[in-house]
Amino acid sequence: MIREDEVRKLVGEMREPFLQRPLGELDAVKEIKIKPEKRHISVKVALAKTGTAEQMQIQQEIVNVLKGAGAETVGLRFEELPEETVAKFRAPSAEKKTLLNMDNPPVFLAVASGKGGVGKSTVSVNLAISLARLGKKVGLIDADIYGFSVPDMMGITVRPTIEGEKLLPVERFGVKVMSMGFFVEENAPVVWRGPMLGKMLNNFFHEVEWGEVDYIVLDLPPGTGDVALDVHTMLPSCKEIIVSTPHPTAAFVAARAGSMAIKTDHEVVGVIENMAYYESAKTGEREYVFGKGGGDKLAEELNVPLLGRIPLKQPDWDKDQFAPSVYDENHPIGEIYQDIAKKIDAKMSVQV
């Protein structure tokens, strides 16, 4: 079993994500406990900031290093470095440019729904990609912290990297992507309370190097909970798109998300009716599996346009570039998304 001095050396050689100095140089490896009979290692580490995406990333890196050295299980605790240590090692710099203080800020488009299971994340992914296909610079934030799915939908298998004090988003299909899914091990659940959710979302805005972007699409959690409230507070100029199925109940519940946007002075750009119908490949006959008219009724209630109806149909999967929820631009549904993206971009261009 690995010894304590070996653990200290391995962890101490890793770089603190904010100060970019070895943890050992910062005296940041605080406690080490080893249980040889259980092959368990417990480490307490100090960082310049805790509760951040960077903490999640270095946590995963430490776990991987120690498991590679022979541990079966790893326990990690974090605390913040003393202010004097942070001040000593942090280089002076000008105000950091973030998504919220750019000279030319992007258009924020939040994709919301009243309930889960209506295909909101699929819409978010394909809308972001369709905007990128129009030549726009697009970022996509998977803000569904508990139910993150964007990396899997887009077939992303790599994780963000760190450059300086910022995370670099993963880019695929011309879209820069950031998700909680990058910072948890495999399909592990996120067991957090509301304040931690808002903190992580804030990190996606402030601690990620997005570069120049025209649009940031946010895939919100369903409903009107903590994350949706945080978005309304952090992004007062955010636009919203409401996703519903044609089913009357889904449309009724989706109206709550729309009403919340209106009450907080967020413009609702329009409604997208997902799973609108199933069209037979043989006969062309349409079956309205989830009913009919829910999207129209919702759009009328919110006094916004129905941006499009998206039928039930699988994407054409490419084994070389596997992305289970992405529609090719020449796919019939890909063409519908492209049309929706054009409508949204035209409206945003007029407003600018």
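Every residue, even glycine, has its Cβ placed from backbone N, Cα and C.
Not measured: the values here are computed from a predicted model.
Here Swiss-Prot flags GLY114, LYS115, GLY116, GLY117, VAL118, GLY119, LYS120, SER121 as ATP binding site, drawing on sequence analysis.
Structure coloured by features recorded in Swiss-Prot.
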residue : record           : CB count, 10 Å
GLY114  : ATP binding site : 25
LYS115  : ATP binding site : 17
GLY116  : ATP binding site : 13
GLY117  : ATP binding site : 10
VAL118  : ATP binding site : 26
GLY119  : ATP binding site : 19
LYS120  : ATP binding site : 29
SER121  : ATP binding site : 25
Shell of the ATP site beyond GLY114, LYS115, GLY116, GLY117, VAL118, GLY119, LYS120, SER121, same chain only (C-beta within 8 angstroms of their C-beta centre): SER113, PRO222, VAL243, ALA250
